[in-house]
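**Q** Below you will find the structure I want to go over with you.
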Amino acid sequence: MSNKLVLVLNCGSSSLKFAVIDAQTGDDQISGLAECFGLEDSRIKWKINGEKHESSLGAFTAHREAVEFIVNKILAGQPELAAQIQAVGHRIVHGGEKFTRSVIIDEHVIKGIEECSSLAPLHNPAHLIGIRAAIASFPKLPQVAVFDTAFHQSMPERAFIYALPYKLYREHGIRRYGMHGTSHLFVSREAAKVLNKPLEETNVICAHLGNGASVTAVKGGKSVDTSMGLTPLEGLVMGTRCGDLDPSIIYHLVHQLGYTLEEVNNLMNKQSGLLGISELTNDCRGIEEGYADGHKGATLALEIFCYRLAKYIASYTVPLGRLDAVVFTGGIGENSDIIREKVLNMLQIFNFHVDSERNKAARFGKKGIITTDNSTVAMVIPTNEEWVIAEDSIKLITK
């Protein structure tokens, strides 16, 4: 067993994903999910060596109780494995401009994450709860913060500044930050290996497609543009998020249709996207089933999703100058051969030609090139954000 194990925590507002990761191989020794925090049926599910387990956490429990369960029940039952854990790595959604790389957590870092909470009000406060719970449960282990936004700090001003009065950026930090950076970092790095090219000479466009979705142009291993903005709302059509729209729609909804700003925010974040267009579901699998059955709303939602994605991919050839590959990842990107084929068919001007057999084979955790031999390359690479967090954690504590 490796002596480079890291407990990785990803705290959401009402859930906590966790895994014990081998930083050398990326393999998970333990993985699990605690969910339904604050409700009567809070539960925790986990897997050890392929064997599944489940337990109740008790009514109205939350992050601290979940971390305590991980320590006192799960890890206590695996003493040899627990003894090999070298650090606790935390996924943090928003680091603003304060954090351009992963850092060992101290009071200064905690304060910085708190100050960025206004940019990610649903996520950063939950991360802080998880950090404090982990410090209490693992007082002797170093704690490491890995930021989703850090990878995008290499973007030039022309990519991240909005065409608003510049003082809004200077005084209030209003700019494009981007998300999913840890995923884009991992898959762009893996794409260079598939292409057999040095990372610093590789130009790829990465599409992380899940209930949240974003596209990033990666030039020589660095993010040069990305679709999400100040918040995760900008960019692609997503499960329940609208992505790009005319900002005056907000004014129209408030002043002409009587919506409150809170209602508009809820509408754009939780009632739009695939769900809003289809009037059926936010789940892409349900959208594809509806499409196959001729459901009009599902068909329209699928077409808009693919069209928006194809437009973004096409536009990101501009900052790259030369395109080596398009990379699909995330739950939808890794599993939907239908969406991949539709998107690439819209991009035939860039010499993309789908190989149907390869495309259908690259699902359910399998990676590979999905285009023909004479085509511009498109590939599927399953993401592994936990591995990046584990790697960064070990690198920091062994400096």
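Note that Cβ sites are derived from N, Cα and C of the backbone, with glycine treated the same way.
Annotations for this protein, taken from Swiss-Prot, read as follows:
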- N10, E385: Mg(2+) binding site (BINDING)
- K17, H208, L209, G210, N211, G212, D283, C284, R285, G331, I332, G333, E334, N335: ATP binding site (BINDING)
- R91: substrate binding site (BINDING)
- D148: active site, proton donor/acceptor (ACT_SITE)
- H180: site 'Transition state stabilizer' (SITE)
- R241: site 'Transition state stabilizer' (SITE)
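Help me picture where these features are in the structure shown.
**A** Under the DSSP three-state reduction, N10 (Mg(2+) binding site) is assigned to strand.
In three-state terms derived from DSSP, N211 (ATP binding site) belongs to neither a helical nor a strand segment and is classed as coil.
When secondary structure is read from DSSP and collapsed to three states, R91 (substrate binding site) falls in the strand class.
Under DSSP, D148 (active site, proton donor/acceptor) is assigned to coil, being neither helix nor strand in the three-state scheme.
With a cut-off of 8 Å between CB atoms and residues at least 6 apart in sequence, the same chain places D148, H208, G212, S214, T216, M228, G330 near H180 (site 'Transition state stabilizer'), listed in sequence order.
Every protein chain considered, the tally of other Cβ atoms within 10 Å of the Cβ of R241 (site 'Transition state stabilizer') stands at 26.
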**Q** Would you mind reading off the Cα separation of E334 (ATP binding site) from E385 (Mg(2+) binding site), to the nearest angstrom?
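**A** Roughly 14 Å, rounded to the nearest whole number.
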**Q** Are there any residues at least 6 positions away along the chain from N10 (Mg(2+) binding site) with a Cβ closer than 8 Å to its Cβ? List them or say none.
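**A** Same-chain residues close to N10 (Mg(2+) binding site) (Cβ under 8 Å, separated by 6 or more) are L16, K17, F18, H90, R91, E386.
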**Q** Spatially speaking, which of the recorded positions L209, R241, D283 is closest to E385 (Mg(2+) binding site)? Use C-alpha to C-alpha, please.
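**A** Spatially nearest to E385 (Mg(2+) binding site) by Cα position is L209.
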**Q** C-alpha of L209 (ATP binding site) to C-alpha of R241 (site 'Transition state stabilizer'): distance in Å?
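**A** That separation, Cα to Cα, works out to 13 Å.
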**Q** Taking the Cβ of I332 (ATP binding site) as the reference point, list residues of the same chain whose Cβ is under 8 angstroms away and which are at least six residues distant in sequence.
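**A** Result: L209, G210, A213, C284, I339.
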**Q** Please identify which of D148, D283, E334, E385 has the densest Cβ environment, defined as other Cβ atoms within 10 Å, among these recorded positions.
**A** D148
